[in-house]
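Enquirer: Under the heading active site, TrEMBL lists B:THR82, B:THR158, B:ASP159, B:LYS235. What TrEMBL records for B:6-46 is domain 'GatD N-terminal'. What TrEMBL records for B:74-261 is domain 'L-asparaginase N-terminal'. If you look up TrEMBL, you'll see B:288-396 marked as domain 'Asparaginase/glutaminase C-terminal'.
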Amino acid sequence: MEYDYAEIGLKAGIEIHQQLDTAEKLFCRCPTALRDTAEHTDEFSRYLRATESELGEIDRAAQEEMRLVRRFRYYTYDTVCLVEHDEEPPAPLNPEALSVCLTIAKMLAMTPIEQVHTMRKLVIDGSNTSGFQRTALVALNGTLPGDCRVETICLEEEAAQRVEDETFSLDRLGIPLVEITTAPCMHTPGDVQAVARQIGMVLRSTGKVKRGLGTIRQDVNVSIRDGARVEIKGVQELDLIAEVVRREVQRQVGLLGIRDELRARGASVDPAVTDVTDLFAETQSAILKKAKNILAVCLPGFAGLIGREIQPGRRLGSEMADYAKKCGVGGIFHTDELPAYGVTAEEVARLREHLGIGEQDAVVLVAASRQRAGCAAEQVIIRATMALDGVPEETRRMLEGGSTAYMRPLPGAARMYPETDVFPVSIGAGLWESIETPELLTDRAERFHRDLGLDEALARQMAFSERLLLFERAVAEGVRPVLAARTLLGTIRELARDGVGVAAVTDDEVIGLLQAVEAGSAAKEAIPDVLIELARTAGERARQTPEERVAAAIEAVAPAISAADLEAVVRNVVEEREEFVRERGMGALGPLMGVVMKEVRGSVDGKLVAQALKRELERRAS
Amino acid sequence: MTEALESGDRVRCTHGGVSMTGTYITDRDGMAVVKLDTGYNIGVSPGAVHLLERPAPQPAATPVVVQNPELPELAIISTGGTIASRVDYRTGAVTSQFSASDILRAIPELGDIARYRSRQLASILSENMRPSIWQELARSIHAEIESGASGVIVTHGTDTMAYSAAAVSFMVKSPVPIVFVGSQRSADRPSSDNAMNALCSAAVATGDLGEVAVVMHDTTSDDRCAVHRATKVRKMHTSRRDAFASIGMPPIGYVDYPSLEVSLSGEAVRRGTHDLELADDLEERCGLLHFVPGMPPEILDTFEGYAGLVLSGTGLGHVRTEWIPRLSELIAGGTTVVMTSQCLHGRVCDRVYDTGRDLLGIGVIEGEDMLPEAALVKLMWVLAREDDPGTVRALMQENLRGEIRRGSR
């Protein structure tokens, strides 16, 4: 269902996190290479604990993460050093990364900070070995099309990749990342997606950002009137952004509806927790049977509302379960969904009777060890109390499809602490002026269409392609733009899809091959076969130049054929099919083309073959 | 404008066409550092910062530390170092600042192991340590044990912790554990090794040990601490958690984490073996010289008038032949010269090569398998008590505190 977004007062902003394609990481000299986790050379384990900020406060999000004492495991690699291990102080801020960040800032017409200070942003979910993410505010106040604005751009280090549960992989930790934060200046789900697309285009225009799934992540901030600011982390697919916003609006509207109804009913939250373990001594429910303790929380007036859907697949009960899970329990039971899961109607009736509650009231059960169940019941009470107020401010994570689940409270300023091991960096006028801004990809696409004769779709595809630089080089070196674009976007991609290792073919070889085609020493039709041959022999005869390797590959798949040889082949083919040629006359040209091309194995350009065939047919006809 | 500002002031700053509020932090390289309300610090021109208000100073919350009277009492003596440090706004760097009670507040689990009384002896970076503070430390430790502490924990910067620990092990004979502990990663970070090291040290200090030890991470993981003999331990890495290593012998024990189960080797001296004894004199006119190829004999002039000199020689214990005459003069002038090896592992033997024999000939004492640093503090301690060269030689070659082992590894 689509809302009247102006009516409900939707305000949205985004944060875009983009990995930079620099040679080295942000605070060490390691390469920014991602590894296969199977290649890890060692592993180690650590605990993290919340620390106070320099103002003497502990961040609420960090405190929440501390609820469980967790042991984190880290995979390490031969491309990782002691800095990622948190066993060595950081190196100075990577100047290449700063330069890319400033380039982006300049493209967005931002103002750089005079003296950039690296901060530690407390993150103790294990994704940083240090327990914080290093981040620096680099520039302020940029422009976007429409009346939207970029508030800040920060240069940050990427966190470690979660392998599973509490195991992380250190290859990604420390890759430079820019974080671009917009003002809450978007008012429809479509706006949000459009702004994300625009910023993504600007980022890619630098040619210095990483490509592929996971290299760019969007966080979306959403609020509606009377709702609350909710930050949804880690939306990876651009096409899902609008849906995520739509569903968050739906959730906030739903929660406000529940609030109103709770208030109308005079609902409340009973702060007392009752131990009901004995009531379920004979239960057939597998989960309750194996639990040491079963605790009940009474929610007078909540009946029917805990089970009400607020997002596809999500209910108020799911929100309570998210909070409870912070204590290490698997989930909760609530009376809106019982009897079910092996809990019988009799058991529910006995529970209600034991607690002395009526039809309008709901009960939430948590089952675990005494400590975990107690903690979970406490969390259920906290979340239920919030339901009386409407929408809590939260950080949430995206689930498949675009619904979301609770992650932690919104972090405050108390999670920022100066990174004392990194000196501040001054951005003087000289440095700022020396930053050159690249052509926007959209402008480039237009230029390819206008000046190079590519059709609009191909021009755009080429401009946004990872092979853009190779394309520009090919054109500069005399290859026709259409041939270059079709080879790079079509042929190579198709071969890769068919499992040919074209990635091993070097840029120089691709250019050499295209030039050979332009010079007439190979036929356009032979390009796929020559590429396959180059891929097959990649790494062999390392001492050959690219030109020599290309020539050898052409020779192997399509030996050179002289004009006289071609004439002979054509004459043979025609003679062998004399009857057919007599019947069809010049109409035989089309069908015979394929036969001749096969004979010469693509060594001769189709145009030359057609000419030779035409001459031979005309000769015979005359 | 900035001259008028104080740390903690609420300010407004204007930059890049935006006006932002924040907290003034400090002046750095001529820039005003402001913590924005988002938590980010930025440096801006002082002229762009304007005072909004000066909040009344908030009285610091005084945490109530509830101690369990059933538990044994430990003394924590803090000397500084990264087990207790926080950021300094003057320099922006990490300095040691916390008192021992702050440590308790930061690591509440310590309260499950023991009761504590704390004493702040110094608050210095360990490179600023000196023999007179070692002596004060020895006297403090002695006083704490005398007044009933069932163990002593000394928090110390890691750079020179091995020197201090070795010095204390000569000056204080103790029936109870004396445990030195520090951290390699600053206490202001969630990943600091301070908490685990402190908890392991408390476990050792309440345990069955009866000698001076250093307790620090055994591996890069938070899984185990090693208990090192004070005279056989050395910092072997600039930054790793497991920087400390026992040299020439295995650690005398381990502490598993988080179970805090202590296991001591057969060699570890047990609680109650020795009576409490303080011998805190040190001869400070002692030096340690690391020989390098080509180092001129004149360098030895520096040690003219010194009571003792430990040489960290090459291999089995050598310095260049040209040093022999000058060394001979030093010894004749009353300086005790002890040879150790920069190999660290293994024993000095000056009887194999000519230079070694010459060194023995002029009266250089073979330092057995002592670490150079341990030999230095031992020499300070021995020379403060004995002047007879024969007795000095005998003591330097006798195992007093586990610094010399009968067999090498």
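Every residue, even glycine, has its Cβ placed from backbone N, Cα and C.
Curation plays no part in TrEMBL annotations; they are all automatic predictions.
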Enquirer: Roughly how many Å lie between the Cα atoms of B:THR158 (active site) and B:LYS235 (active site), rounded to a whole value?
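Expert: About 7 Å separates the two Cα atoms.
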Enquirer: May I have the DSSP-based helix, strand and coil counts for the residues of the domain 'GatD N-terminal' (B:6-46)?
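Expert: With helix first, then strand, then coil, the domain 'GatD N-terminal' (B:6-46) has 1 helix, 27 strand, 13 coil.
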Enquirer: Count, for each of the active-site residues B:THR158, B:ASP159, the other C-beta atoms lying within 10 angstroms of its own C-beta, and report the residue with the smallest count.
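Expert: Among the active-site residues B:THR158, B:ASP159, the sparsest Cβ neighbourhood within 10 Å belongs to B:ASP159.
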Enquirer: Please list, for the domain 'Asparaginase/glutaminase C-terminal' (B:288-396), how many residues fall into helix, strand and coil according to DSSP.
Expert: 49 helix, 19 strand, 41 coil
Enquirer: Can you give me the same-chain residues 6 or more apart in sequence from B:LYS235 (active site) with a CB-CB distance under 8 Å?
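Expert: Once residues fewer than 6 apart are set aside, B:LYS235 (active site) is near B:THR158, B:ASP159, B:MET161, B:ALA162, B:ALA243, B:PHE244.
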Enquirer: In the three-state scheme derived from DSSP, which category covers B:THR158 (active site)?
Expert: coil
Enquirer: In the three-state scheme derived from DSSP, which category covers B:LYS235 (active site)?
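Expert: Note: B:LYS235 (active site) is in a strand by DSSP.
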